[in-house]
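Chemist: Sharing the record's features from Swiss-Prot:
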ACT_SITE  Asp154  active site, nucleophile
ACT_SITE  Asp212  active site, proton donor
DOMAIN    413-537  domain 'Ricin B-type lectin'
CARBOHYD  Asn49  N-linked glycosylation site
CARBOHYD  Asn87  N-linked glycosylation site
CARBOHYD  Asn93  N-linked glycosylation site
CARBOHYD  Asn123  N-linked glycosylation site
CARBOHYD  Asn203  N-linked glycosylation site
CARBOHYD  Asn355  N-linked glycosylation site
CARBOHYD  Asn436  N-linked glycosylation site
CARBOHYD  Asn491  N-linked glycosylation site
SIGNAL    1-23  signal peptide
Amino acid sequence: MNQGTKSILLAATLAAIPWQVYGSIEQSSLLPIPPMGFNNWARFMCDLNETLFTETADAMAANGLRDAGYNRINLDDCWMAYQRSDNGSLQWNTTKFPHGLPWLAQYVKAKGFHFGIYEDSGNMTCGGYPGSYNHEEQDANTFALWGIDYLKLDGCNVYATQGRTLEEEYKQRYGHWHQVLSKMQHPLIFSESAPAYFAGTDNNTDWYTVMDWVPIYGELARHSTDILVYSGAGSAWDSIMNNYNYNTLLARYQRPGYFNDPDFLIPDHPGLTADEKRSHFALWASFSAPLIISAYIPALSKDEIAFLTNEALIAVNQDPLAQQATFASRDNTLDILTRNLANGDRLLTVLNKGNTTVTRDIPVQWLGLTETDCTYTAEDLWDGKTQKISDHIKIELASHATAVFRLGLPQGCSSVVPTGLVFNTASGNCLTAASNSSVAFQSCNGETSQIWQVTLSGVIRPVSQTTQCLAADGNSVKLQACDSTDSDGQNWTYAVTGNLKNAKTDGCLTEGSVQMKSCLYERDGQVFGLPSGVQLS
């Protein structure tokens, strides 16, 4: 089958998928809000044992983490024996876990926690232990018998079988696990690591293809590189920023019942400053990403416990709307992100990526607040202080610090239009409006000309020129007066595949000279990030 035919068939398949249906048993109630808890990997890797987990459960129950919502304790790789039993069942390492995993499950449950486990979709785990390939039903039943309700399924040692591409092989294996879990009386939470094995290449097509199907099969997906482990070489902050940047490319996939997972929180990593640790937590909270701590819990400091149990930020993370914060603006120094919250409030998160303190005024119009003569209440979610703002909010941020504000919208001022960057996810370039009605893709520079409003009817207009609308005519794209007779040319739909399709031309926006071309499946030049809250077609 040639690539063109395959693209057409794949696009047709994606068009037929009911994107509101997610999760292992095709219901969002299995995991309506992101999970919170503990995993040993980034801190201890294979150096795990029974005592580590009992001490962790004891500490989390005593120091406020459990009561703050961190109610899951998950094993990672290296928990098992190197051989299955005579009947093919997995066995735990009896030296590391002398009382056994069923006993450990009972122990952590008695402390108020759920218990999760790790396996691999290949014939071996990443650490060289038995994988679940060809043992899926048996292993799922074993885990349930042991008292486990959460499965992280890795993707090491997966090889394409005859007649399948590697992406198709992963889809078959994770799809089979989805079927197995769906038949269980009490399905396990399904954390999929498949996308991580396709991230970071020169072409994102396979990565996005995997991202298209993981939300249908499970509740969360590890989408990119592992966070730096405690003993690893390199910069922990750079590792956090790497995973943060990957996560910003994927907001269109997230909704209640499915969550993008940029990997663990590492609050006791010695390579991080206090501001960097707090930023890590605040950014993941703003994303409504899983909050899974990988640290030596008994030794966490009071300050680390304090920010990890920040009620206001946890409330944002656990907000039932489950929107992922997206870029309102970005330049080389500041990232400004925003999203809606279920009660109608608006979130503002600002990250200083630079190496010096920055002061900036941020117009409320950049945050999607379009009403004039309104006064909003802005609550600082770090210290609880509030201030009244009207046309802008002033931010002062130290290097690598993150500010988070919750904006209350008074009656009569509650109108919000999804607002922010329209950027190509492969190049990172931002759609930019010019004063001569032309548009171009340029490096993101924090200018108002790169900030766009996207209305419910599919109209896209720059905040710098709100009487002008993005329009397509033939192969060209330009700005023209809104509400003109060419309304179809100003109407756009946004798909989960990242395509921005025009109603008049039936083509898709394409980076380059900013033009319309035939819509292709997950092609780099046609995959765009838009503000959260934009309706998917």
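The backbone N, Cα and C atoms fix where each Cβ goes, glycine too.
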Chemist: Can you tell me which recorded positions out of Asn87, Asp154, Asn491 are within 10 A of Asn93 (N-linked glycosylation site) by Cα, answering none if there aren't any?
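Modeler: Among Asn87, Asp154, Asn491, not one has a Cα sitting within 10 Å of that of Asn93 (N-linked glycosylation site).
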Chemist: Of the recorded positions Asn49, Asn87, Asp154, Asn203, Asn436, which one sits closest to Asn123 (N-linked glycosylation site) when you measure Cα to Cα?
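Modeler: Checked the recorded positions Asn49, Asn87, Asp154, Asn203, Asn436; minimum Cα distance to Asn123 (N-linked glycosylation site) goes to Asp154.
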Chemist: Which residue among the glycosylation sites Asn93, Asn436 has the fewest other Cβ atoms within 10 Å of its Cβ, if you could check?
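Modeler: Per-residue Cβ counts within 10 Å for the glycosylation sites Asn93, Asn436 bottom out at Asn436.
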Chemist: When a 10 Å sphere is centred on the Cβ of the residue listed as 'active site, proton donor', how many other Cβ atoms does it contain?
Modeler: 22
Chemist: Please identify, from the glycosylation sites Asn87, Asn203, Asn355, Asn491, the residue with the sparsest Cβ neighbourhood, meaning fewest other Cβ atoms within 10 angstroms.
Modeler: Asn87
Chemist: Taking the Cβ of the residue listed as 'active site, nucleophile' as the centre, count every other Cβ atom within 10 Å, in any protein chain shown.
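Modeler: Within a 10 Å radius of the Cβ of the residue listed as 'active site, nucleophile' lie 25 other Cβ atoms.
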Chemist: Within 10 Å of Asn491 (N-linked glycosylation site), Cα to Cα, which of the glycosylation sites Asn87, Asn203, Asn355, Asn436 are there?
Modeler: none
Chemist: Hey, does DSSP put Asp212 (active site, proton donor) in a helix, a strand, or just coil?
Modeler: helix
